[in-house]
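Enquirer: Handing you a structure now.
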Amino acid sequence: SLPWTLASSYGLVACNICPLCSRKKAFQITKSFIPILEWLPNYRVKEWLISDIISGISTGLVATLQGLAYALLVAVPVGYGLYSAFFPILTYFFLGTSRHISVGPFPVVSLMVGSVVLSMAPDENFLLVSSNTTGLNKTLIDTESRDAQRVLIASTVTFLVGIIQLVLGALQIGFIVRYLADPLVGGFTTAAAFQVFVSQLKIVLNVSTKNYNGILSIIYTLIEIFERIGTTNIADLVAGLLTIVVCMAVKEINDRFKHKIPIPIPIEVIVTIVATGISYGADLEKKYNAGIVKNIPRGFLPPVPPVVSMFSQMAAAAFSIAVVAYAIAVSVGKVYATKYDYAIDGNQEFIAFGISNVFSGAFSCFVATTALSRTAVQESTGGKTQVAGLISAGIVMIAIVALGKLLEPLQKSVLAAVVIANLKGMFMQVCDVPRLWRQNKVDAMIWVFTCVASIILGLDLGLLAGLVFGLLTVVVRVQFPSWGGLGNVPGTDLYRNVKEYKNVVEPQGVKILQFSSPIFYANIDGLKSSLKSTVGFDAVRVYNKRLKALRKIQKLIKKGKLKATKNGIISDSGVANEAFEPDEDPEESEDLEIPTREIEIQVDWNSELPVKVNVPKVPIHSLIFDFGAVSFLDVVAVRSIRTIVKEFERIDVRVYFASHQDSIVTKLEQCAFFDDNIRKDIFFLTVHDAVLHIKSQIMYKDIQDPIFEKISLMQESKEPIEFTETSRPEDELDHAAIIYVVFVLIK
């Protein structure tokens with residue numbers, strides 16, 4: 001069950017046998033689950049209380065107005081915004097780990113909830129047909145039933161979001177927010193700001209439109225607004241424009257002179273009070289048909305259970321809302337936690353907001369997270385702890401109990417204008433795009449794609465599309481990673497990219513390939529192509545060409561055109577050398593599988609051959625893979641690397657691995673990479689160690705024996721070839737590119 005899961009995730013399941021399950025240990029675990037037990041006993045009353053009271057009052061006034069305004073985004077009566085600004089704070093006060101965030105509605109999340117509400121309870125579902133005195137039928141909307149249904153849907157969504165957050169927190173899945181990268185969140189919130197602006201624009205103009213939802217809904221809404229712009233209510237338009245101008249101007253003053261002004265000017269509160277007085281005194285509703293708030297419930301409503309049958313219709317949207325709300329809250333919380341040097345627990349935040357939303361969902365609220373502007377007010381006015389949040393909840397409670405009636409004459413266009421004025425910060429994120437483009441073009445593309453997708457497809461599908469696009473960019477970057485050949489910085493044990501550094505020197509006869517990515521099935525072809533580019537040849541093609549050359553040598557030996565001697569292969573004097581024939585069949589791979597007698601001949605493949613076959617030169621004797629940036633391998637990668645090692649070994653190029661992690665060797669062992677031919681002695685801690693080993697091996701080999709390469713010659717004849725000895729001057733023996741022949745019978 002969920003309580004058992006929660007208890008298990010926090011270690012609350014006690015054991016009578018284990019000595020660690022002491023009372024002190026249990027109290028420590030309880031404090032991690034209820035953080036107030038950690039910080040409240042250490043509360044500095046004399047230093048912090050006055051600051052928290054001042055901050056709480058200021059934040060409470062802003063929260064009251066924003067609660068009313070954001071209710072318009074959810075498409076519920078504005079009074080329910082006050083409940084959403086009150087109830088979530090009560091539970092977060094006990095369970096939250098951030099000291100500074102102000103819990104309550106946020107425009108992006110409110111709009112996402114509103115899209116669910118409008119899709120499940122559109123106006124078309126509540127039409128009434130009435131007849132007037134002229135006998136004509138008139139279509140009306142049953143607003144009372146519609147609003148009641150929308151409130152129920154919003155509270156049910158909130159309850160489901162809380163359950164999802166609670167489950168994710170219990171399962172310790174706080175890391176999920178890491179997949180919401182900053183460019184993705186920036187593009188998404190900017191698109192959401194545009195969606196919010198359009199939804200509030202029709203309220204500022206007091207233009208009625210259909211409630212569109214889904215793909216291209218914002219485009220359809222804009223088209224209908226402009227089609228009906230002639231019906232704009234001038235009183236609402238003037239009030240809205242004045243509110244936007246005044247609020248944005250004063251907010252700019254607050255930002256520029258925040259070091260000189262002890263408390264930010266609560267301009268939303270001032271504008272609301274003035275606008276309410278003007279609307280009431282001038283009777284704007286009757287004289288100019290202005291849209292006003294009209295009815296705000298007084299007091300609290302009894303708790304209402306959610307409609308469980310609706311869960312299946314809203315599950316996908318609820319999951320998106322749960323993750324976005326959590327991501328916004330944690331992002332803002334981390335900013336202030338870093339500023340004031342304390343830590344927040346991501347999993348505990350999931351649980352805190354989950355319980356808050358479950359609790360507030362029972363009281364007809366909509367989803368809570370935090371608002372940037374409201375949190376900034378709480379912090380800038382001196383808020384030290386969540387005591388300021390509790391006091392702000394007290395201010396909202398006063399508005400619910402006593403002041404709601406006074407706000408009924410307030411024009412809705414003023415509330416919509418307050419919402420628009422608070423979107424400035426999100427719209428200014430557009431300025432981040434040029435900077436992102438200069439720093440990282442992929443991040444800039446993620447920002448733009450997410451923004452455009454969220455505007456066109458809607459916030460829920462847009463977020464999913466942006467997330468998928470962001471993950472695809474990661475896959476593409478891993479599939480096509482950076483790579484390069486390395487060279488030695490003279491006089492050091494450092495190795496750097498030969499294309500980026502001028503003075504580095506590649507060790508003679510050695511190529512070093514650095515591959516900066518995990519290696520798995522999707523990028524193994526990239527490893528192979530980068531390997532070919534680094535060494536300058538294809539090992540398989542070299543092997544096949546050598547086989548072809550040896551087959552031609554064999555034929556000429558059988559015809560007597562060439563003689564195999566102890567010192568090499570020479571032509572008969574006076575006989576035309578027919579070995580130089582055109583290279584018309586490049587591979588002849590079909591002959592390579594014929595089981596025959598095999599003759600091993602040592603040939604110096606870098607010298608001139610007695611047959612005209614274009615055998616690629618192999619200027620290296622060793623290859624080193626720098627696996628310092630390889631974090632993991634999959635089965636396909638291990639199999640392919642094993643094949644690469646064998647392909648190079650059969651053309652006498654030794655392969656080494658350097659700077660690898662221990663987990664890489666473990667994975668190779670698990671995948672049966674090692675055998676009698678491929679041993680662990682080809683692995684080195686550093687590239688320089690591998691290079692020194694290669695040099696020592698070459699010096700030892702030079703002393704023991706000349707360097708010749710060895711390869712197979714397919715012999716069709718069952719009878720052994722008779723070899724003749726030819727007398728040649730002793731001084732020519734050192735220059736001969738010939739070797740001896742040994743017969744090996746294979747089946």
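Glycine too: its Cβ is placed from the backbone N, Cα and C atoms.
Worth saying up front: this structure is predicted, and the values here are computed from it rather than measured.
Got these off TrEMBL a minute ago, pasting:
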- 68-95: transmembrane segment (TRANSMEM)
- 152-177: transmembrane segment (TRANSMEM)
- 184-205: transmembrane segment (TRANSMEM)
- 261-282: transmembrane segment (TRANSMEM)
- 310-329: transmembrane segment (TRANSMEM)
- 350-373: transmembrane segment (TRANSMEM)
- 385-403: transmembrane segment (TRANSMEM)
- 444-472: transmembrane segment (TRANSMEM)
- 500-694: domain 'STAS' (DOMAIN)
Enquirer: Who are the long-range neighbours of the transmembrane segment (68-95) in its own chain, taking Cβ under 8 Å and residues 6 or more past its ends?
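Expert: Sequence-remote neighbours of the transmembrane segment (68-95) are 33-36, 103-107, 110-111, 113-114, 117-118, 147, 150-151, 154, 196, 199-200, 203, 211, 293, 295-297, 300-301, 348, 351-353, 355-357, 359-360, 363-368, 386, 389-390, 392-393, 396-397, 399-400, 404, 407, 410, 412, 415-416, 418-419.
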Enquirer: May I ask whether the transmembrane segment (261-282) has at least three C-beta pairs under 8 Å with the transmembrane segment (310-329), counting pairs 6 or more apart in sequence?
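Expert: No, the transmembrane segment (310-329) does not contact the transmembrane segment (261-282).
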Enquirer: Could you pull the average pLDDT for the domain 'STAS' (500-694)?
Expert: 80
